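*Asks:* First, the structure itself, so that you have it in front of you.
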Amino acid sequence: MAHDAGDSGCELPPPAKKKSPSEEEAEKRRKKLTPGSLMKGIIRSGSGDATPAEGDQVILHCTTRTMDGIIVNSTRREHGGKGIPLRFVLGKSKMILGFAEGFPTMLKGEIAMFKMQPKIHYAEDDCPVAAPDGFPKDDELQFEIEMLDFFKAKVVAEDLGVVKKIVEEGKGWETPREPYEITARMTARTADGKEIIPSKEEAYFFTIGKSEVPKGLEMGIGTMARKEKAIIFVSSAYLTKSSLMPQLEGLEEVHFYVELVQFIQVRDMLGDGRLIKRRVVDGKGEFPMDCPLHDSLLRVHYKGMLLDEPKSVFYDTRVDNDGEPLEFCSGEGLVPEGFEMCVRLMLPGEKSIVTCPPDFAYDKFPRPANVPEGAHVQWEIELLGFEMPKDWTGLTFEEIMDEVDKIKNTGNRLFKEGKFELAKAKYDKVLREYNHVHPHDDEEGKIFANSRSSLHLNVAFCYQKMGEYRKSIETCNKVLDANPAHVKALYRRGTSFMLLGEFDDARNDFEKMITVDKSSEPDATAALLKLKQKEQEAEKRARKQFKGLFDKKPGEICEVGVESEGRKDAGGAKDAGGARGSDDATSADRGANTMDSPTREPEYAFEEERPGLLGRLWPSARRIFSSLGMNRCTIL
């Protein structure tokens, strides 16, 4: 019988918190402690009442002695050491058991003596650190520890070769990355306190990724926000030669004291150095949450220049557009692709300079008369503002379908212009929004189902035009799973099968069209005729390729005929080209305005659909996310 703990006045204990691997390991090692194995005596009291915790970096001096007082080793110069304190990050650094248990008991500034039996220092079973050469690990020893400092550490390098201490929090959460341009005030000291980069009033300027500062310093600054002050501890493995520090001999560790004054966002949009966006004036808001990542109505001023010497201006909205800004909807192919990619990563009020190669500028876009073919261009862009798409929340079903029609019509226009990726993005956007639309009655349900099916077929047609026939088939299946007798879906899928060279599957779909709808017989018959022609062409190519293979006598060598490289088949690879404009494409592929006949594909492809709040991103999204360092963008 179920029992309610509340009825008896007692409370059930909260569920036990799952321990981290480091906590489990520490608990396992702690069982090795026995009475008298680790003893502590305070030589000098520390200050405050805070003690180090897991995740803190501790900085300390250590002198090891035998029980007779003979010094074995030390970090202190007066005892033969280098004068360089030790650094450990609790819970991450490997250390002897006596240190792991003793450090968390110390106050800042405290000096304590720890007496350890061998099993508590380097003679421990499975000790994670090796004893120094000649170290008396089988003897009971005394470790004198001075706790110089401890603080919450930001581990930058997993091997703890770069660790950061935040002295003063910065502003915002954006941090610099390659190839950002950095302005910072810096000083640097060795681990024993010797100044190697003196402080000065003027700031340092450098670009991340150009080896102008040591690698470890770059890594640390890459975790800092604007105006943040920090100390970055860099070990020798990360002290690479640079113009800032050309001489590194004898440096085991350097502490950089950094104030990140400013950084300029520079983005390599394609990852190959050809399309570069450089922010020159900051915008308002947080990057990238307040950028127009979704399809939006954008307002920009821009100046376009040719990258010749001297630079010549070919368009300026403030001069050539009567001072009015350019307004355009993103995701509709209304501006060059490189232009739109960069504007989507701008904040309102931001000004950026974009350097763009011809294939992302005007070679694939209507070119201004004064821009020659193959021209590299530069745009100075100011994002004045943008309007997000209408939120469907609270709209009636009829209003939603009106919005769908607008987006679908835009997709149809893009399709007719040959911009198949952009068109597909529009259809996909509505399909995503449809996941949140719930018809209220049978009539609305019927309209909704028909609209969704037509959108899937539009997407399938885009895939077909893009040569991605397998994806086209998969998209058609979404319609046929719900309605196996959908004639347009059968036609679209059959055509994709045919273009793939899977003739039997194509024939099954075309024949099924006649079975489920007699009125489709003329179209199905035409498709079957086309299919027969395809099969004959494939057989003819096969005979030509293998001509003479079986004409030789035993023992004779025969060479198989090879077609020219321009005529690959693979069961229809040449046919695949037909889908992009050759005579192999059905008349539907050439008649983007006919919406009734399966032999006139566009009609079997196009229906109308609507926009959504969570819009499917533009085809360049993958490049933009890459430039952001994100393979996936959860924001979107």
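Just so you know, glycine gets a Cβ as well, placed from its N, Cα and C.
Keep in mind the model is a prediction, meaning the values are calculated, not measured.
Okay, so TrEMBL annotates it like this:
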COMPBIAS  598-608  compositional bias 'Basic and acidic residues'
DOMAIN    55-151  domain 'PPIase FKBP-type'
DOMAIN    179-264  domain 'PPIase FKBP-type'
DOMAIN    295-387  domain 'PPIase FKBP-type'
REGION    1-54  region 'Disordered'
REGION    561-608  region 'Disordered'
REPEAT    453-486  repeat 'TPR'
REPEAT    487-520  repeat 'TPR'
*Asks:* Write out how many residues of the repeat 'TPR' (453-486) are helix, how many strand and how many coil, based on DSSP.
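*Replies:* Secondary-structure breakdown of the repeat 'TPR' (453-486): 27 helix, 0 strand, 7 coil.
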*Asks:* When secondary structure is assigned with DSSP, how many helix, strand and coil residues does the domain 'PPIase FKBP-type' (179-264) contain?
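*Replies:* Taking the domain 'PPIase FKBP-type' (179-264) as a whole: 10 helix, 37 strand, 39 coil.
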*Asks:* Quick one: mean pLDDT on the repeat 'TPR' (487-520)?
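*Replies:* When the pLDDT values over the repeat 'TPR' (487-520) are averaged, the result is 95.
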*Asks:* Give me the DSSP three-state residue breakdown of the domain 'PPIase FKBP-type' (295-387), ordered helix, strand, coil.
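*Replies:* So the domain 'PPIase FKBP-type' (295-387) is made up of 14 helix, 36 strand, 43 coil.
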